Amino acid sequence: MNLAQLSLYDQAVVVSASLVLLTSFIMLAQARIVPLIYAFAWQGALLALVTALVAYVSGHPHLYVSALLTLGLKALLIPWMLHRLAVRLKIHHEIEAITNPSLMLLAGAALVIFSYYVSLPIVHLSTLVTRNTIGVSVAIVLLGMLLMVSRSKAVAQVVGFMSIENGLFFAAVVATYGMPMVVELGIAFDVLVAAVIFGVFFFQMRESIDSLDVDRLNRLSETAEPTEGGR
Amino acid sequence: MRWVAAAVQTALFVAAAPLLAGWIKRVKCHMQNRAAPSLLQPYRDLAKLFRKEIVLAENASWLFRTAPYVVFGAFVLAAAVVPLVAVHLPTAAIADVIVLVGFFALARFFQALAGLDIGTAFGGMGSSREMTVASLAEPAMLMAVFTLAMVASTTNLSVAIEHNLDAGLVLRPSFLFALLGLAMVAIAETGRIPVDNPATHLELTMLHEAMVLEYSGRHLALVEWAGQIKLMIYAVLIANIFFPWGIAQDFAPLALGVGMVAVAAKLAALGIALVVWETVIAKMRLFRVPQFLGFAFLLALLGMLTQVILETG
């Protein structure tokens, strides 16, 4: 496929797909909580833009609803909730030490290559204009996982989880022009409920281990045993 | 005729470089509510330095004295390779982008050696820092250049620019990434604000200044001028590769005039963008520079990947 032969709207789909990928990398490199949440919000907004563009290109009006839903939930509501939680938990000025950031980014680039090779057979089967972006959507899922694996702060892990969901939604939009409306609504509410539950979960964690660092959960159980034995 | 045009364009390039520096300084002053110097101030500074006597350290070798000429010469040759107003120049046909990167490396090598030559602590420190930054910036620059080469199927700048011009308006994700990567490399290599601040002499942060601290008179003028040419080369590269509109494809006077106006407008706009960026961003710690350049490399790499994945796959 030659990009220059596509229409301008198809090219815009491809460019905004690559921008969604870029926001995944920005999240991977971002050590501060609040800019991380903003990057996540931008990813949601770009995802809504891609969905709207695909709706226009393919002539599927139900995708406009998905785009609006994505914009409302993933670009506005959930980032706002996460931001409010970060302020209430007083972690909005904290900086997380990322171990070896450059290596992390290169690992991310390797994941992009990997997902390209994995999705190559599917891409060859498809006849859609947006088929080339399937590899990108798989990469966004894997980058979200990398974000979850590499961070120890619970908020960053939740953002990683949400961006995995973004990748799945993106895959559905570009590979099959969207899921059925019922499924989409169900997933949207699932994500919303998950965000609420995560909020409760943060406060519980804060109560019990006095921190949002997930690594501390490990340490607590190990040190608890000798004191039990000492009694 | 073609060789004359190439020589005139190179001369124009070298002569206009201080003007661009003056423009950036002027816009920056306006932006920060300071009284702005005249646009011609860099020319006056250079003229003053050329008139002044050269003071050499006692243990300066021939290397220290020849380095400014080598550096200046390398940048003039590099400027000859870059199409400014028109494509199809014979100088551009001889050398490609990789040679251009090679000229940069040559100039940097001699400047770093000259910094070490005097034996002062600052010179060695500056050279060491410059080489650290360069070793990280060069792969990113080459990767961005390869992205361009893959899109246009050539490493020749002139042919590549004409290819982009003929393709019309194509939204290429690979160009977007290459542009971002190249801009970050340009900021690091020309010593602009988040990486280096050429306006201060602060030993904690200075990179480029530390190397040229011992130069005076004519030598300093050449080194400064070379720095301005380097900034101009990067600006022209960004302006003409990614926004090639208006560049002259033949040597008719009208086309050349349009090319001149277009490139002046693009450089002025780029200068304003650079000033806005420099005004909103703070100088970063030296130890964060590798991270900054790592991100530039990643962007250039992503440019190449998206070229393969999204544009041809």
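A Cβ is built for glycine as well, from the same backbone N, Cα and C atoms used for every other residue.
Listed in TrEMBL:
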TRANSMEM  A:12-29  transmembrane segment
TRANSMEM  A:36-57  transmembrane segment
TRANSMEM  A:63-82  transmembrane segment
TRANSMEM  A:103-123  transmembrane segment
TRANSMEM  A:129-149  transmembrane segment
TRANSMEM  A:158-179  transmembrane segment
TRANSMEM  A:185-203  transmembrane segment
### Task
For the transmembrane segment (A:185-203) and the transmembrane segment (A:36-57), check the count of CB pairs under 8 Å (sequence separation 6 or more) and say whether it reaches 3 or more.
no
### Positions whose Cβ lies under 8 angstroms from the transmembrane segment (A:158-179), at least six residues beyond its ends
13, 17, 20, 24, 27, 36-37, 40, 43-44, 47, 50-51, 54, 58, 60, 62-63, 66, 70, 74, 78, 82, 122, 126, 128, 130-131, 133-134, 136-148, 151, 187, 191, 194-195, 198
### Task
Given the cut-off of 8 Å on Cβ pairs that are 6 or more apart in sequence, determine whether the transmembrane segment (A:63-82) and the transmembrane segment (A:103-123) share at least 3 such pairs.
no
### Task
Mind checking which residues of the chain, 6+ beyond the ends of the transmembrane segment (A:36-57), have their Cβ under 8 Å from one of its Cβ atoms?
7, 9-10, 12-13, 16-17, 19-20, 23-24, 26-27, 30, 63-64, 66-68, 70-71, 73-76, 78-79, 82-83, 86, 129-130, 155-156, 159, 162-163, 166, 169-170, 173-174, 177-178
## Note on the structure
Same-chain residues at least 6 beyond the ends of the transmembrane segment (A:129-149) with a Cβ under 8 Å from one of its Cβ atoms are 1, 6, 10, 13-14, 17-18, 20-21, 24-25, 27-28, 54, 57-58, 104, 107-108, 111-112, 114-116, 118-120, 122-123, 156-157, 159-168, 170-171, 173-175
